[in-house]
Amino acid sequence: MRAYFIRFFLLLKRQLNYRLMTIFLIAMPVCVYIISSVPQLNESEPVRIGMLAAGNDILAHQTMQHLIESSDSTTMEYYEASSADELNNDIISGRTDCGYIFPDNLSACISGGKYSGCIKLVSSPSSMMASLSSEMVFHSMFGIFGQSIAADYASSLAGTDSTASHIAKDYVNERFEYYLNGPATFHVEFRLLDVSGKTQSGTYGTSVPHSAEYQADTQLFPLRGILAILITIAAMFGCSQYITDKESGVFLAIQGRMTILGRLVYTAIPTILFALSSLLSLMLSGSHSGLSEELSSITVFAAICILFAFALSLCIRKSRIMMSIIPLYAILCLVCCPVFIDLGSYLPPVSVLQKLLIPYYYISVL
């Protein structure tokens, strides 16, 4: 037993003598801690969109007020400019992405059907949010003014019959309120990544307000995938070292159980070291679901990686072949596994290939 421990510590010392590996083990948690500690790297400023009412039109002011109150501070922020010059200067300087100038006769233009071009859009050539923002402005304006348009139209269909006109108008008002504020008329099924890197499912309907609990940590969510690939590559690197030493004759005098133990130890040492460094990185980043859960997940995944590398050492006998497989496998994992984007959701063959890659199970299953 003493001989086993001596060999284990000698191999551990040898692994730590690889400067690049030692640098990686230390740099991973340090870099993650620095990135997660800098607020500017984890927060993105909302896109500012200016608005200006040229007169005292009620619809224009109600639309502006509704947009300002319903602004999502994480994506777009609507504000009222004091003058056209201020709005233009903000857009030219880049402080504002685009802006809208409402005419003083907006209600009359829409009621008369002469609404084309009545709202002036001011934007820079580099504006990316103008189209989306225009849809939101129209949606807000329709929510305010659409009810009266629909009710007046229904009333006009009744002709000179005042009783039928009132009934039609009341019915349209009632149904409009129901469809605008009642149960959702449609819903969107979605899956998003929470701060622990795992998927959540849910629905979003027209009557369901946007909730902050569904906010994802966009800066740190690839961390789990990257760490999973590094742990897998570490196990494969240990396998490569074993094959290299076997080719050089290190195991000529070793037979039986020591050979099997050597295969396991060579793959286990770098895998365990990277697993510990990855666990520390997750805890420092705040992108975790608890120490006990992360520890159990990463332990199971490390064991899978060790067995995977052990199987490779039985199948591959040349170190050159093993060293050439490692970068190809890493690239394949980065592309096919849901690290940055889940291609399997768009390409069915990729979803099948994902299940043949070890990191996939740590990212999506464990």
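Each residue, glycine too, has its Cβ placed from N, Cα and C.
Record features (TrEMBL):
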TRANSMEM  20-38  transmembrane segment
TRANSMEM  221-243  transmembrane segment
TRANSMEM  264-284  transmembrane segment
TRANSMEM  296-316  transmembrane segment
TRANSMEM  328-347  transmembrane segment
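The highest tally of CB pairs under 8 A with the transmembrane segment (264-284), across 20-38, 221-243, 296-316, 328-347, is held by 221-243. Of the candidate ranges 20-38, 221-243, 296-316, 221-243 contributes the most Cβ pairs within a distance under 8 Å of the transmembrane segment (328-347). Beyond the transmembrane segment (20-38), the same-chain residues lying 6 or more positions past its ends with a Cβ under 8 Å from any Cβ of the stretch are 219-220, 223, 227, 230, 234, 237, 270, 273-274, 277-278, 280-282, 284-287.
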